[in-house]
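For 85-119, 186-216, 288-322, 395-429, 496-530, the entry in TrEMBL reads repeat 'PPR'.
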C-alpha cells in the first residue's frame, strides 16, 4: 500500500473513531469536525455521514446540513475515493426524521437525482417514511414507483414503509397491493396493514387480516398488533365489537400486557362502557401513568367527574405513579365539570406552583386552569392567571378557553368583552374563537351581533372554513333569519353531513317539514353521508307530514345503506309516526324487533300505549301495558291510560280493576293544589 494512501486511511479511521467516541462520551463533535476540515476529509462521505448523525443527536439540523451540503457536492479526487452517496443521503434523511422534520426529508429526496446519486433500500425506506409523516402522498407514489423500477418494491424494509405510507393516507387499496407483493411479510409489515385498516374504520378487514397473520408462517401477533386492533375498535366500533376484541386479546394471550390493557381501557371508555373499563382497570396488576389518565378521563366522559377527582386523590396517596400532564389536564377538567374551583386551586398549588414543578410554565396546563376558573365563575382568578403568565398571555388558545368558560357559565356579554379585549391586545382571533362565539349569539339570540361576527369572519378570511360556515347556518336560523341561513348554506362549496343537517334543522325550526325532505333528497345525490342527526331531522319531518313509508324506508336504510345503528330517538320518532297513522301493529313489531336495550325502554311502550288509547285498540294497548307496567310499575299515568282504553270500549269493570291495582300500590296520589291570587 502506498505511503500516501496508508496515511490517508489511518487519518480517516482516526477521525471516525474520534467522532464515534465523542458521541459515546457526550463530547462536542466540533473538534473532530475541525480536524476533518483541516485535513481535507470533511467531504468524505463516510466521515460526513458520521458527523451528520452526531449533530442530529444533538438536535442541530442546521449543523448537520452544513456538513452534508459540501460533502454531497464534492467531486472525487485522486486522494479520496468517491463518497458513498447513499450512506450520506441516508444519514441526512434519517437526521431529519429523527428531529421531526419530515417535510425537509421529503424535499431532500426530491433533489436526490438518481444519475448523480444511486439509491438503495434504506433510501426508499426513509423516503417513504418521510412522505407518510409529511402527508405527501404524491411524492410517496413516486417513491413507490421508483422502488418498483429498481426492483425493490417487494423488499421487506421498503414494502413495509410503503404500506405504512399508503395506510396513513387512507389508501388501503394501494397499501394492500404492496403488502400482497411481499413474499414473507414479518410482524412489522402485518402490523402496518392491520393498523391501516383499523385506523380507516374498516374493522372487519383488520380482524380478517389478523386471522390470516395468525395462520401465516414467519410472523406472530405482537403487542402492537393487538393495540392497533383495539384502538381501531375504539374509534369506529360498537360495544359488541369491543367485547369481541377483548375476547381476541384474551385468546391471543396478551391480556396481561400493560400496553394492550391500556388500549382496552381506552376502548371501553370511548365506547361508553364504563363498567367494563373499571373491570379492566381493577384487574391490571401493573398500572402506569397512561392507565390512570385513561381511567380518570373515562370517568369524566361518563359524567362522573366527582369519581374522577376521588380516583386522582387515591392515586396520589397510594401509588408511586408521578402526576403527568395528561393526568393533570384530566383532573382539572373534572374540577371544571364539578364547578369546584377550590379543588382546582388546591391542584394548582400542589402540582403546578410547587417548587421544581415542570408545569408552572406549561401552556396547556395553564390554559386548562384558566378555563376551569372561568367555568366555575372565578373570572378574577382566570384573568390573573392569563395576564400574569407570559407563556399564555399572547396565546389565542388561552383566550379561547377563557371565552368558552364564560359562555358555558352563561356570561355571554363577558365572553364578547374578552373577544374584543383580545383583539385590542393585538391577538388575532382564529377559527376556534368564532366557533365559540357563534353558538353564544344563537343563545342570546341577537341577529345584530351575528351579522357583526359574520363581518369579522369575512374580514379575517374564515368565510370558506366549513365548520364556521356550518355554525353560521345554525346561528342565523336561531336568530330567526331563514334567508341569511339559506345564504350561508348556499355559500358552502364542499358541504358535509353537518352542513346539510344544520340547514334541515333550520327548516324544521321554521315548520317547513317538506323542505327538510326535499333537502335530504338533494343530499343523497352528493358524496356526503347522512349521520344520526340527519336521520333524526328527516324522520321528524316525515312524522310531522305523515310520510310513513318514507320514514320507514329511511329507518331501514340507516344501517343497510349508511352503516348507522338506529338510536332510541330514531325508533321513538318512527313509533310515534306509526301511532299517529293508526299502524299500531307495525309499531308494536318495530319495538319488539329492535335492539334489546330499545325494547326495554319504557318511553317506546308508553308512546304505543298512548297511541292505543287514541285509537281505542285494546289488543295492542294491553300488550303495551304489560311491557310498560313491568318496566315502569311506579308510573301512575300508565295505569290511567290503560283504564281509559277500557272505559272508551265500555269495559268499566276492567277499568275498575286497573284502578284498584293503582290504589293498592298507593300510587293514587292526590291531585296537586296551587294557591294563586286572583284579581
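Note that the numbers count up from 1, one per residue, in the order the chain is shown.
Heads up, the Cβ atoms here are built off N, Cα and C, so glycines get one too.
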Long-range environment of the repeat 'PPR' (85-119) - Cβ separation under 8 angstroms, sequence gap at least 6: 45-46, 48-50, 52-53, 55-57, 59, 61, 64-65, 68, 71-72, 126-127, 129-134, 136, 139, 143, 146, 150
Stretch-averaged pLDDT - the repeat 'PPR' (395-429): 93
Residues in the repeat 'PPR' (85-119) grouped by DSSP into helix, strand and remaining coil: 23 helix, 0 strand, 12 coil
